[in-house]
Amino acid sequence: MTKNDCLPLFETKLARGRIPFLLFATTIFSGICLITVYRTSFLPPREEASRRYAWIGLFLAELWFGLYWFLTAVVRWSPFYRYTFKDRLSLRYEEVLPSVDIFVCTADPTAEPPSMVVSTVLSLMALDYPLEKLNVYLSDDGCSDLTFYAMLEASRFAKQWLPFCRKFRVEPRSPDAYFRTTSQPLRAHSTMANEWTSVKVCMSPSTWYFHRFCPLITHINM
């Protein structure tokens with residue numbers, strides 16, 4: 001057994017704020033017990049039938065809501081969270097992981113912009129999974145020239161984007177979402193900052209291509 005086989009795949013931690021919740025739950029439970037004692041100790045006599053039935057109805061309703069509170073409180077009595085270590089999972093089972101085929105389907109380039117389709121394909125290709133066991137297929141039911149040329153540009157950009165994702169483990173893996181939500185790294189991380197700029201520059205021609213030629217090809221297809 002190797003060292004990686006001994007490492008746990010997840011860690012369990014208790015949630016914070018348990019003591020205030022326990023104090024609150026104890027207070028509610030004490031109140032329910034006191035109401036139960038009060039209802040059973042001061043039950044109206046049989047001579048006052050209407051008042052007695054109303055008293056019993058209220059008591060049954062209080063018992064029902066008390067039972068409901070108890071069932072919901074038990075679930076939250078000792079909450080905990082599990083934090084997984086995906087890198088350890090890969091190290092332990094990388095040799096026995098199955099091959100995965102992923103199909104991305106598209107049909108209408110006007111309803112499904114090629115830039116969105118390309119970002120989806122690139123994000124799937126950049127998954128943290130053994131390269132020799134991951135296959136991504138694009139199915140274009142509309143046989144659009146627009147989608148074809150978009151994928152041609154994406155194949156060139158992928159030579160820069162995929163190594164960048166695997167080297168720095170960037171998230172999200174979609175280039176459009178990543179550059180839209182992430183600012184340029186500080187110069188303190190000179191290696192990542194330089195490659196970030198290089199990938200950003202490589203992405204610019206693709207973006208310019210979509211805005212310049214997509215309307216033209218769409219007009220030709222129509």
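Each residue's number is its place along the chain shown, starting with 1.
Glycine is no exception: its Cβ is also placed from the backbone N, Cα and C atoms.
Keep in mind it's a predicted model, so treat the numbers as computed, not measured.
According to TrEMBL, the feature UDP-alpha-D-glucose binding site maps to E112, D141. Feature annotation from TrEMBL assigns transmembrane segment to 21-41, 53-75.
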What residues, ordered by sequence, lie under 8 A Cβ-to-Cβ from D141 (UDP-alpha-D-glucose binding site) and sit at least six positions away in the same chain?
C105, T106, A107
Checking distant contacts: for the transmembrane segment (53-75), what same-chain residues at least six beyond its ends satisfy Cβ-Cβ under 8 A?
25, 28-29, 32, 35-36, 39-40, 43-44
Who sits close to E112 (UDP-alpha-D-glucose binding site): which same-chain residues at least 6 apart have their Cβ under 8 Å from its Cβ?
T106
